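Chemist: Feature table excerpt (Swiss-Prot):
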type: ACT_SITE; residues: Glu317; note: active site
type: BINDING; residues: Glu183, Asp267, Cys372, Asn375; note: Ca(2+) 1 binding site
type: BINDING; residues: His316, His320, His326; note: Zn(2+) binding site
type: BINDING; residues: Val387, Asn390, Leu392, Glu394, Asp400; note: Ca(2+) 2 binding site
type: DISULFID; residues: Cys291-Cys372; note: disulfide bond
type: DISULFID; residues: Cys331-Cys356; note: disulfide bond
type: DISULFID; residues: Cys333-Cys339; note: disulfide bond
type: DOMAIN; residues: 180-377; note: domain 'Peptidase M12B'
type: SIGNAL; residues: 1-6; note: signal peptide
Amino acid sequence: FPYQGSSTILESGNVNDYEVVYPRKVTALPKGAVQQKYEDAMQYEFKVNGEPVVLHLEKNKGLFSKDYSEIHYSPDGRRITTHPLVEDHCYYRGHIRNDADSTASISACNGLKGHFKLRGETYLIEPMKISNSEAHAVYKYENVEKEDEAHKMCGVTQNWESYEPIKKASQLIVSTEFQRYMEIVIVVDHSMYTKYKGDSDKIKAWVYEMINTISESYRYLYIDIIVSALEMWSEKDLINVETSAENTLKSFGEWRAKDLIHRISHDNAQLLTATDFDGPTIGLAYVASMCDPKRSVGVVQDHSSVNHLVAITLAHEIAHNLGVHHDKSSCSCGSGYTCIMSPVINSEVIKYFSDCSYIQCREYISKENPPCILNKPLRTDTVSTPVSGNELLEAGKDYD
């Protein structure tokens, strides 16, 4: 090991066993290439367990919609909408070279932060809080001291035990016509805004990292997740956020249909809150409700200092909107892995949807064909010019 640490406080909490690494960028820009702040592709070398690895990263170009907006409120209650330039963002996905099964979801905004899978093991990486140092900590999630060993659960309680998929995953034909595009609005309520001390940059980084993580998981379901807007209830809540997840979900859905849907083009909205929901519940969503003005919503508690765990809860609730139910014990996403649609969130890094989730999502889409997720939105890196005919559907799209 270059250096082995016994215990340190990182953003994810107190980590008992970690390795200090110094990632070295090895990308060579092509001759004459324009230097972006964050290149489209980057490679970093560092050591894990004393062994050199090469992390290959590619920018997640479809992360933001072309008309992405951020909304907050002034002290006198006025809504302030901005359209920040997000083309040159710092969110990447990738893999470890020479490991076919590896994946990575990384933000490169200030050092490397995120997670990667190497030889079947998931590692977290983040910069260490040492001034003028390139030092990063690499560790397994199991080495993070758990704040709370109590079970955390999704609040969807319908009993789907009788649900049997019509087809096996291997019988489903997959083609490009299965690809869907979900434009999502994330709403951060006032309790969460206060939790992060009103630091909107910190909140944005937290949310973007989550979306980058879940977009990787949703690729397996042939669904692109695109952020249309981030709204922060900076002055006060615009609905009554209660400890009852059911009441909060109902209020949020009604608010979306009455307000949000009329000013932002999107297909689905999720509320992030620091409110501690009753009992073990950390999230709730309507099932099979995509594109419905009141019901294409979910509520998620910001329940962990580990970004990945909140991200997976978000992925879980969105999947309910897509007609996906909780996994039964016969569902699998690979040997030894807990899958995203497990009704209980346990203390491990989860990345994958199960075979059951895949089948249920495909069946819901082929049976219901929710119309709002059919169109491919313009990406931030697309330069649009007026065209004749229907080539640019975006301009006249009728949402929901």
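Placed from the backbone N, Cα and C atoms, the Cβ positions cover glycine too.
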Chemist: Can you tell which of the recorded positions Asp267, Cys291, Glu317 lies nearest to His326 (Zn(2+) binding site) in space, using Cα positions?
Modeler: Glu317
Chemist: Around the Zn(2+) site recorded as His316, His320, His326, what other same-chain residues have a C-beta within 8 angstroms of the site's C-beta center?
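Modeler: Here the nearby residues are Cys154, Val156, Gly283, Ala285, Val287, Glu317, Ala319, Val324, His325, Ile340, Met341, Pro343.
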Chemist: Highest Cβ count within 10 Å among the binding-site residues His316, His326: which residue is it?
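Modeler: Output for this query is His316.
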Chemist: Roughly how many angstrom lie between the C-alpha atoms of His320 (Zn(2+) binding site) and Cys291 (disulfide bond)?
Modeler: 13
Chemist: Mean pLDDT, the domain 'Peptidase M12B' (180-377)?
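Modeler: The average pLDDT of the model in the domain 'Peptidase M12B' (180-377) works out to 95.
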Chemist: In whole Å, how far is Glu317 (active site) from Cys339 (disulfide bond) when you measure between their Cα atoms?
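Modeler: A Cα-Cα distance of 13 Å.
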Chemist: In whole Å, note down how far the CA of Glu317 (active site) lies from the CA of Cys331 (disulfide bond).
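Modeler: Each residue's Cα considered, Cys331 (disulfide bond) and Glu317 (active site) end up 18 Å apart.
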Chemist: What Cα-Cα separation, expressed in whole Å, is found between Cys333 (disulfide bond) and His316 (Zn(2+) binding site)?
Modeler: 14
